[in-house]
Amino acid sequence: MVKAKFILSESSESENFKNFANGEPCTLGIDEAGRGPVLGPMVYGCAVSQLNQQEALKELGVDDSKMLTEEKRGKIFSLMKSDEETRKFVAYALKALSPRMISASMLRRTKCSLNELSHLAAIELIQHALDNGINVKEIYVDTVGPKATYQARLREKFPQIETIIVEEKADSKFPIVSAASIAAKVTRDTLLCEWKFVETKIQVHKDGFGSGYPGDPLTKRFIAETVDPIFGFPSLVRFSWKTAEEIMKKKAVKCTWDEPGSSTVSVSSFFVKSGSGEAPPIRRHAFFNDRHITNCTSF
Amino acid sequence: MVNFRRTRSQTKSIDHEEDDLENGRENLNEIIESQEIKSDESYARKFFVLKESILNAQGSIVPLKHPKFGTKTLYFVSKAEVCEVLKVDDGKTSMFYGESVISDGSITMLSPIHPLFLAIPYLIKVVKSRFAPLDQILVDEDFPAIGRLAENESLIKALAKFSDSKELCDTLMYRYNEELILKWLEGKFEVLKKSLLEHGTLHISIADNEIVLRRYTFGILADFLPEELGLMLKTHLDIQEPETDSYSSWKRKIDEVEEDEENYTPSPQPAKKIVKISTAAKKLKEASKGTKSLMGFFSPKS
């Protein structure tokens, strides 16, 4: 089945990712950046490092990534990307999920929640590492949703991996997760900074669009100013977010949202007034109702 | 496109700017409601989706009896093809066309259907225990067009294999054979199941579970069969109904996995009440099982 281009995520990786460490046993960490914001992509990062190189990793300064300054993060990621010495003991791969992809997934007929998208991205990154000949012995993941189910899911998917640990705040507990977190954050920040609007005539206020978080007044203003009453938001905006919906209610043409749990045909349509002489309408299987398909009885 | 002229400078506070736009938007809705904006009628079109071979086929759209519901339903009938006439309409789709908008974006689809589905109710009625030629079987004074299927090549071919047939005085005669029809339906079932997996964009809760998938596939197939035959097929294929236990454990699983994403605030779980539901509501639930309404246990806008 052909998929629309915006539905796929964009992948990238460090030059040394393929066959990293030449089969030496490695540890792999997964973290994300940009989960909560209403603007911009969500980036999933995976970092790999040899099991016997953990000291070098720590010396790189990969501490709790949230404690590092933006500048420090940028410096570390630069080293991971281009420094020959650093690339001997660490490599990374990334997946960027665009705002359009996130929103479309959360609102389509067969919905894919943000948690589910996250799990799938993590699984794809792990598989990518394995497909690239990396000898993964341990996996550490920062949790998204309940960690027990997530951990079980990963263990079922990758039974051959000896150690799989899913934890909260994994980026402050495991250096390899912190490295992944840095790669993801810096990449997201860059993507946001360098965002090129597909839409014409988007005028961003001179103060910018802020951090991208729904609570940020600059971000709110950006969304409010760039919403089109008929076409909605520029593709930088996650239109499935409540913030976006609120603004649409006020500033766009009235529209109805597909409420989850609502049936497409009312129950009362089953019933025909007795003696009316009308045949009850054909009620087909859910497959057809979900796709709004009915039989024509007249032309 | 309606233009929103800014009347205040950008140094004003953010709240005032929002008011401006709100007023503009109210104007737009007023304009829409007053119906001042009209589509250009010369662009009016209806949309059809159908196989190319049908464009060239000599056939017409006729009313026939729906094989399951028995009601008047439209089909396209030609010598080689029979199609359901279906409407795809969510009530909210419009199309851009040229310099205008076509408000009614619904699509009429001619969907191929095997003529044997339409013939089965007549086979059951007329030749359950005797033989008769096709043009005496496919007779219906309410829906005379059914007679046209007597010449349909696919139907004749299928009946040769899946009914009792004999030749008498150069005329082919047929008798309904339940076993053989079930065999034909079994074949159709397998093809449908495979196709659904590949093209059906099914929810993973259906696609990943063989039992649910079989039940779902059967449900679609049953839409084309008289009630009794449907039930027989159900037994024949060993289609399992969900037990109420497994449904609620499935529901619990969904609650577990689908958590509040944007702002994680733990919400108290409402006590699960056992409510007696009416047959109609039960039927509705049954029909919607395994589809998007179940996944509505989480809200993207919570």
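These residue numbers are counts, starting from 1, taken along the chain as shown.
For all residues, glycine too, the Cβ spot is worked out from N, Cα and C.
Annotated divalent metal cation binding in TrEMBL involves A:Asp31, A:Glu32 plus, out of the candidates A:Asp83, A:Asp131, A:Asp142, the residue A:Asp142. Sequence-ordered, the extra residues of this chain that approach the divalent metal cation site, with Cβ no more than 8 Å from the Cβ center of A:Asp31, A:Glu32, A:Asp142, are A:Ile30, A:Ala33, A:Tyr44, A:Gly45, A:Val141, A:Val144, A:Ala170, A:Asp171, A:Val177, A:Ala180, A:Ser181, A:Ala184.
Per-residue pLDDT, averaged along the domain 'RNase H type-2' (A:25-253), amounts to 91 for this model. Here the binding-site residues are A:Asp31, A:Glu32, A:Asp142, and the one with the most other Cβ atoms within 10 Å of its Cβ is A:Asp31.
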